[in-house]
Amino acid sequence: MPPSCCGCLSQYTHHHLLTFLLTFFSYVLLHASRKTFSNVKVSISAQWTPPLYNASVAPVERWEERHLFENEEQATLFLGVLDSVFLFSYAVGLYLSGVIGDRVNLRYVLCFGLCGSAAVEFVFGTVTEWLHIYNIYLYCSLWVLNGLLQSAVWPCVVAVMGNWFGKSGRGFVFGLWSACAPVGNILGAFLASSVLKYGYEYAFLVTSVVQFAGGVVVFFGLLASPKEVGK
(Lines of atoms letter the chains of each structure in order from A; the text may use other names.)
(Lines give C-alpha, C1' and ligand atoms only; values in the text may rest on other atoms or scores of the structure.)
Protein backbone atom coordinates (compact mmCIF):
# COMPACT_ATOMS: atom_id res chain seq x y z
CA MET A 1 0.00 0.00 0.00
CA PRO A 2 1.41 3.47 -0.85
CA PRO A 3 2.86 5.43 2.12
CA SER A 4 0.33 8.22 1.58
CA CYS A 5 -2.54 5.75 2.06
CA CYS A 6 -0.92 4.32 5.18
CA GLY A 7 -0.61 7.83 6.58
CA CYS A 8 -4.27 8.54 5.92
CA LEU A 9 -5.41 5.32 7.54
CA SER A 10 -3.34 5.88 10.67
CA GLN A 11 -5.57 8.80 11.70
CA TYR A 12 -8.68 6.63 11.94
CA THR A 13 -9.98 4.85 15.05
CA HIS A 14 -12.23 1.86 15.59
CA HIS A 15 -15.16 4.29 15.52
CA HIS A 16 -14.27 5.19 11.94
CA LEU A 17 -14.02 1.52 11.00
CA LEU A 18 -17.39 0.74 12.57
CA THR A 19 -19.00 3.68 10.79
CA PHE A 20 -17.49 2.60 7.48
CA LEU A 21 -18.73 -0.97 7.84
CA LEU A 22 -22.23 -0.12 9.06
CA THR A 23 -22.91 2.45 6.35
CA PHE A 24 -21.32 0.21 3.73
CA PHE A 25 -23.46 -2.79 4.59
CA SER A 26 -26.57 -0.66 5.00
CA TYR A 27 -26.42 0.21 1.33
CA VAL A 28 -25.32 -3.32 0.44
CA LEU A 29 -28.53 -4.67 1.96
CA LEU A 30 -30.62 -2.05 0.20
CA HIS A 31 -29.18 -2.96 -3.19
CA ALA A 32 -29.57 -6.64 -2.39
CA SER A 33 -33.31 -6.15 -1.97
CA ARG A 34 -33.53 -4.25 -5.26
CA LYS A 35 -31.62 -6.98 -7.06
CA THR A 36 -33.97 -9.57 -5.61
CA PHE A 37 -36.95 -7.90 -7.25
CA SER A 38 -35.13 -7.85 -10.58
CA ASN A 39 -34.16 -11.51 -10.30
CA VAL A 40 -37.64 -12.82 -9.51
CA LYS A 41 -39.59 -10.89 -12.15
CA VAL A 42 -39.93 -13.96 -14.36
CA SER A 43 -41.32 -15.99 -11.45
CA ILE A 44 -43.70 -13.19 -10.49
CA SER A 45 -44.91 -12.86 -14.05
CA ALA A 46 -45.56 -16.60 -14.22
CA GLN A 47 -47.51 -16.50 -10.98
CA TRP A 48 -49.63 -13.56 -12.11
CA THR A 49 -50.62 -15.20 -15.40
CA PRO A 50 -52.30 -18.62 -15.79
CA PRO A 51 -50.40 -20.81 -18.29
CA LEU A 52 -53.56 -22.72 -19.16
CA TYR A 53 -57.09 -22.74 -17.90
CA ASN A 54 -57.44 -25.41 -15.22
CA ALA A 55 -60.89 -27.00 -15.40
CA SER A 56 -60.30 -28.83 -12.11
CA VAL A 57 -60.49 -25.56 -10.19
CA ALA A 58 -64.11 -24.67 -9.60
CA PRO A 59 -65.83 -22.35 -9.70
CA VAL A 60 -64.23 -20.50 -12.59
CA GLU A 61 -64.10 -17.26 -10.58
CA ARG A 62 -61.74 -18.88 -8.07
CA TRP A 63 -59.28 -19.72 -10.83
CA GLU A 64 -59.45 -16.26 -12.33
CA GLU A 65 -59.20 -14.27 -9.10
CA ARG A 66 -55.77 -15.74 -8.33
CA HIS A 67 -54.27 -14.26 -11.47
CA LEU A 68 -53.88 -10.60 -12.32
CA PHE A 69 -53.35 -10.76 -16.06
CA GLU A 70 -54.39 -12.77 -19.07
CA ASN A 71 -50.88 -13.16 -20.47
CA GLU A 72 -47.22 -12.56 -19.67
CA GLU A 73 -47.06 -9.47 -21.86
CA GLN A 74 -49.52 -7.67 -19.60
CA ALA A 75 -47.65 -8.85 -16.51
CA THR A 76 -44.32 -7.63 -17.90
CA LEU A 77 -45.86 -4.26 -18.69
CA PHE A 78 -47.14 -3.94 -15.13
CA LEU A 79 -43.72 -4.86 -13.72
CA GLY A 80 -42.35 -1.97 -15.77
CA VAL A 81 -44.99 0.30 -14.25
CA LEU A 82 -43.87 -0.81 -10.79
CA ASP A 83 -40.28 0.09 -11.68
CA SER A 84 -41.43 3.53 -12.83
CA VAL A 85 -43.51 4.35 -9.75
CA PHE A 86 -40.68 3.13 -7.53
CA LEU A 87 -38.10 5.35 -9.23
CA PHE A 88 -40.42 8.36 -9.18
CA SER A 89 -41.18 8.00 -5.47
CA TYR A 90 -37.49 7.32 -4.80
CA ALA A 91 -36.49 10.55 -6.57
CA VAL A 92 -39.04 12.58 -4.63
CA GLY A 93 -38.05 10.85 -1.41
CA LEU A 94 -34.37 11.70 -1.82
CA TYR A 95 -35.19 15.37 -1.44
CA LEU A 96 -37.54 14.80 1.47
CA SER A 97 -35.11 12.47 3.23
CA GLY A 98 -32.32 15.02 2.93
CA VAL A 99 -34.48 17.66 4.58
CA ILE A 100 -35.55 15.27 7.34
CA GLY A 101 -31.98 14.08 7.88
CA ASP A 102 -30.88 17.65 8.61
CA ARG A 103 -33.43 17.87 11.42
CA VAL A 104 -33.52 14.36 12.88
CA ASN A 105 -30.73 12.09 14.09
CA LEU A 106 -29.33 10.35 11.03
CA ARG A 107 -29.22 7.03 12.85
CA TYR A 108 -32.98 7.12 13.39
CA VAL A 109 -33.73 8.04 9.80
CA LEU A 110 -31.41 5.36 8.43
CA CYS A 111 -32.84 2.67 10.69
CA PHE A 112 -36.41 3.70 9.82
CA GLY A 113 -35.63 3.53 6.12
CA LEU A 114 -34.03 0.08 6.30
CA CYS A 115 -36.58 -1.53 8.61
CA GLY A 116 -39.57 0.13 6.97
CA SER A 117 -38.46 -0.88 3.49
CA ALA A 118 -37.85 -4.45 4.68
CA ALA A 119 -41.36 -4.62 6.13
CA VAL A 120 -42.92 -3.32 2.90
CA GLU A 121 -40.98 -5.81 0.78
CA PHE A 122 -42.05 -8.62 3.08
CA VAL A 123 -45.70 -7.66 2.62
CA PHE A 124 -45.29 -7.09 -1.12
CA GLY A 125 -43.52 -10.30 -2.01
CA THR A 126 -44.25 -12.76 0.78
CA VAL A 127 -47.49 -11.97 2.59
CA THR A 128 -49.47 -11.28 -0.57
CA GLU A 129 -48.36 -14.59 -2.05
CA TRP A 130 -49.00 -16.60 1.10
CA LEU A 131 -52.50 -15.12 1.40
CA HIS A 132 -53.09 -15.12 -2.38
CA ILE A 133 -53.81 -11.40 -2.47
CA TYR A 134 -53.35 -10.16 -6.03
CA ASN A 135 -54.28 -6.51 -6.49
CA ILE A 136 -52.55 -4.02 -8.77
CA TYR A 137 -53.50 -1.04 -6.61
CA LEU A 138 -52.06 -2.69 -3.52
CA TYR A 139 -48.85 -3.54 -5.35
CA CYS A 140 -48.47 0.02 -6.66
CA SER A 141 -49.14 1.56 -3.24
CA LEU A 142 -46.62 -0.71 -1.55
CA TRP A 143 -43.97 0.01 -4.16
CA VAL A 144 -44.46 3.77 -3.92
CA LEU A 145 -44.04 3.47 -0.15
CA ASN A 146 -40.97 1.30 -0.66
CA GLY A 147 -39.39 3.94 -2.88
CA LEU A 148 -39.97 6.63 -0.27
CA LEU A 149 -38.51 4.48 2.51
CA GLN A 150 -35.48 3.38 0.51
CA SER A 151 -34.73 7.00 -0.37
CA ALA A 152 -33.91 7.63 3.29
CA VAL A 153 -30.84 5.41 3.17
CA TRP A 154 -28.53 7.05 0.63
CA PRO A 155 -28.59 10.65 1.97
CA CYS A 156 -28.05 9.33 5.49
CA VAL A 157 -25.10 7.06 4.79
CA VAL A 158 -23.40 9.79 2.75
CA ALA A 159 -23.98 12.35 5.51
CA VAL A 160 -22.66 10.01 8.20
CA MET A 161 -19.57 9.21 6.17
CA GLY A 162 -19.02 12.92 5.60
CA ASN A 163 -19.25 13.56 9.33
CA TRP A 164 -16.60 10.99 10.17
CA PHE A 165 -14.14 11.26 7.30
CA GLY A 166 -12.58 14.63 6.60
CA LYS A 167 -11.03 15.88 3.40
CA SER A 168 -7.71 14.18 4.09
CA GLY A 169 -7.79 10.75 2.48
CA ARG A 170 -11.47 11.01 1.65
CA GLY A 171 -10.90 9.98 -1.97
CA PHE A 172 -9.26 6.71 -0.95
CA VAL A 173 -11.88 5.92 1.70
CA PHE A 174 -14.85 6.76 -0.48
CA GLY A 175 -13.30 4.84 -3.35
CA LEU A 176 -13.44 1.70 -1.23
CA TRP A 177 -16.84 2.57 0.22
CA SER A 178 -18.47 3.13 -3.18
CA ALA A 179 -18.21 -0.61 -3.88
CA CYS A 180 -21.31 -1.05 -1.70
CA ALA A 181 -23.73 -0.97 -4.66
CA PRO A 182 -22.13 -3.76 -6.75
CA VAL A 183 -21.51 -5.85 -3.64
CA GLY A 184 -25.20 -5.48 -2.82
CA ASN A 185 -26.16 -6.61 -6.31
CA ILE A 186 -23.99 -9.70 -5.92
CA LEU A 187 -25.47 -10.49 -2.51
CA GLY A 188 -29.02 -9.99 -3.76
CA ALA A 189 -28.46 -12.27 -6.74
CA PHE A 190 -26.95 -14.93 -4.50
CA LEU A 191 -29.72 -14.83 -1.90
CA ALA A 192 -32.49 -14.85 -4.49
CA SER A 193 -31.00 -17.71 -6.50
CA SER A 194 -30.48 -19.76 -3.33
CA VAL A 195 -34.18 -19.92 -2.42
CA LEU A 196 -35.97 -19.16 -5.69
CA LYS A 197 -36.66 -22.86 -6.27
CA TYR A 198 -39.02 -22.75 -3.29
CA GLY A 199 -40.95 -19.79 -4.69
CA TYR A 200 -40.26 -16.11 -5.29
CA GLU A 201 -41.92 -15.24 -1.96
CA TYR A 202 -39.00 -16.85 -0.12
CA ALA A 203 -36.53 -14.64 -1.96
CA PHE A 204 -38.38 -11.62 -0.59
CA LEU A 205 -38.58 -13.26 2.82
CA VAL A 206 -34.83 -13.85 3.11
CA THR A 207 -33.72 -10.42 1.89
CA SER A 208 -36.32 -8.56 3.96
CA VAL A 209 -35.34 -10.41 7.14
CA VAL A 210 -31.65 -9.74 6.56
CA GLN A 211 -32.33 -6.08 5.77
CA PHE A 212 -34.50 -5.65 8.86
CA ALA A 213 -31.78 -7.20 11.01
CA GLY A 214 -29.29 -4.79 9.47
CA GLY A 215 -31.53 -1.88 10.42
CA VAL A 216 -31.62 -3.07 14.03
CA VAL A 217 -27.82 -3.33 14.10
CA VAL A 218 -27.57 0.21 12.72
CA PHE A 219 -29.93 1.52 15.39
CA PHE A 220 -27.84 0.13 18.23
CA GLY A 221 -24.37 0.43 16.70
CA LEU A 222 -24.08 3.49 14.48
CA LEU A 223 -22.68 6.80 15.69
CA ALA A 224 -23.90 9.52 13.35
CA SER A 225 -21.15 11.99 14.24
CA PRO A 226 -17.82 12.15 16.13
CA LYS A 227 -19.58 14.54 18.53
CA GLU A 228 -21.39 11.53 20.00
CA VAL A 229 -18.07 10.26 21.37
CA GLY A 230 -16.80 13.69 22.37
CA LYS A 231 -14.62 14.38 19.33
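Even glycines carry a Cβ here, placed using N, Cα and C.
Marked as transmembrane segment by TrEMBL: 12-30 (among others).
The annotation domain 'Major facilitator superfamily (MFS) profile' is assigned in TrEMBL to 19-231.
Among the features that TrEMBL reports, transmembrane segment is placed at 75-96 (among others).
What TrEMBL lists as transmembrane segment is 108-130 (among others).
Annotated transmembrane segment per TrEMBL: 136-160 (among others), in sequence order.
Per TrEMBL, transmembrane segment is recorded for 172-196 (among others).
Here TrEMBL flags 202-224 (among others) as transmembrane segment. Here the transmembrane segment (202-224) has long-range neighbours at 15, 18-19, 22-23, 25-26, 29-30, 32-33, 36, 39-40, 105-108, 110-115, 117-119, 121-122, 124-126, 159-160, 163, 188, 191-192, 194-196, meaning same-chain residues at least 6 beyond its ends whose C-beta is under 8 angstroms from one of its own.
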- [ ] Any chance you could find the range in 12-30, 108-130, 136-160, 172-196 with the most Cβ pairs under 8 Å to the transmembrane segment (75-96)?
- [x] 136-160
